[in-house]
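A.B. asks: There's a structure below that I have some questions on.
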Amino acid sequence: MAVNVDAEYLKEIEKTRRDLRALISSRNCAPIMLRLAWHDAGTYDAKKKTGGANGSIRFKEELNRPHNKGLEKAVAFCEEVKAKHPRVSYADLYQLAGVVAVEVTGGPAIPFTPGRKDADSADDGELPNPNEGASHLRTLFSRMGLLDRDIVALSGGHTLGRAHKERSDFEGPWTQDPLKFDNSYFVELLKGETPGLLQLKTDKALLDDPKFHPFVKLYAKDEDMFFKAYAISHKKLSELGFNPPRRIPSAVTQQTLGIAVAAAVVIFTICYEASRRGK
């Protein structure tokens, strides 16, 4: 069903944002909320124009798939907020939860444009397999219409949370403080394996691949640059399968312009660093 993004809907979005901020802070559930947003959006197929950020993960058929183990808790948390703001679509709610999860843990502000439609059935779509390497990551992310720089930036989201044996057959956090959003994921990658910290095959692929590696080095060195890149890529992820309304509030338009400028800065820096190494 179409979402009418009028003034009242925008007010509901802001109230929803406040309630999500309070819930995520009080429950320490930022990692699982970020995972929910990613898994709902990550089913997108750019060629087929199917899947994406459409709230379909609320359906049992999708929620019960092996790669979504544990997310029923995040869906339940969101239901508490949905009960207060029934007009807000599930698709908007789940993506806003991911945005807020990053912000309340110290990460960058991510522009959010509401208006996503809810799916009426579960999506198909493969998500990353932690036992695979760089070619697997490229295949999945290119299916979504995302690029190498998006793969590396979004992988930095592993700075939040930990893997659980009962969900993924892996156990442990990626960083020393799994409730703080920073660039430590990349710092730890460059340090090599550390007792008690997790490095999956998909993580190590970022080091081994010659196109991924420069981004890892840059983000480990410059947290501000990582934050800018992450905000760009997270916004893209949150809008997979969604065409934002043409008429949006000026504040949102200004934020989007800022993201575009930041993207240019990141790309320029990568090229500059590469040219320096080539001299």
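The backbone N, Cα and C atoms fix where each Cβ goes, glycine too.
For reference, Swiss-Prot lists these features for the protein:
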- His39: active site, proton acceptor (ACT_SITE)
- His158: heme b binding site (BINDING)
- Thr159, Thr175, Asp182: K(+) binding site (BINDING)
- 111-134: region 'Disordered' (REGION)
- Arg35: site 'Transition state stabilizer' (SITE)
- 251-271: transmembrane segment (TRANSMEM)
A.B. asks: Take the region 'Disordered' (111-134) and find every residue of the same chain, 6 or more past its ends, with a Cβ under 8 Å from one of its Cβ atoms.
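C.D. replies: Distal contacts: 1-3, 5, 9-10, 13, 39, 42-45, 50-57, 59-62, 67, 88-92, 95-96, 99, 140, 163, 168, 170, 200-202, 205-206, 208-209, 212, 231, 235, 238-239, 242, 244-245, 248, 252, 255-256, 258-259.
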A.B. asks: Of the recorded positions Arg35, His39, His158, which one has its Cα closest to the Cα of Thr175 (K(+) binding site)?
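C.D. replies: Going through Arg35, His39, His158 one by one, the closest to Thr175 (K(+) binding site) is His158.
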A.B. asks: Would you count the other C-beta atoms found within 10 angstroms of the C-beta of Arg35 (site 'Transition state stabilizer') for me?
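C.D. replies: By my count, 22.
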A.B. asks: To the nearest Å, how far is the Cα of Arg35 (site 'Transition state stabilizer') from the Cα of Asp182 (K(+) binding site)?
C.D. replies: 16
A.B. asks: Among the binding-site residues Thr159, Thr175, which residue has the largest number of other Cβ atoms within 10 Å of its own Cβ?
C.D. replies: Thr159
A.B. asks: Would you mind listing, in sequence order, the residues at least six apart from Asp182 (K(+) binding site) in the same chain with a Cβ closer than 8 Å to its Cβ?
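C.D. replies: In sequence order, Gly106, Gly107, Thr159, Thr175, Glu223 meet the Cβ cut-off.
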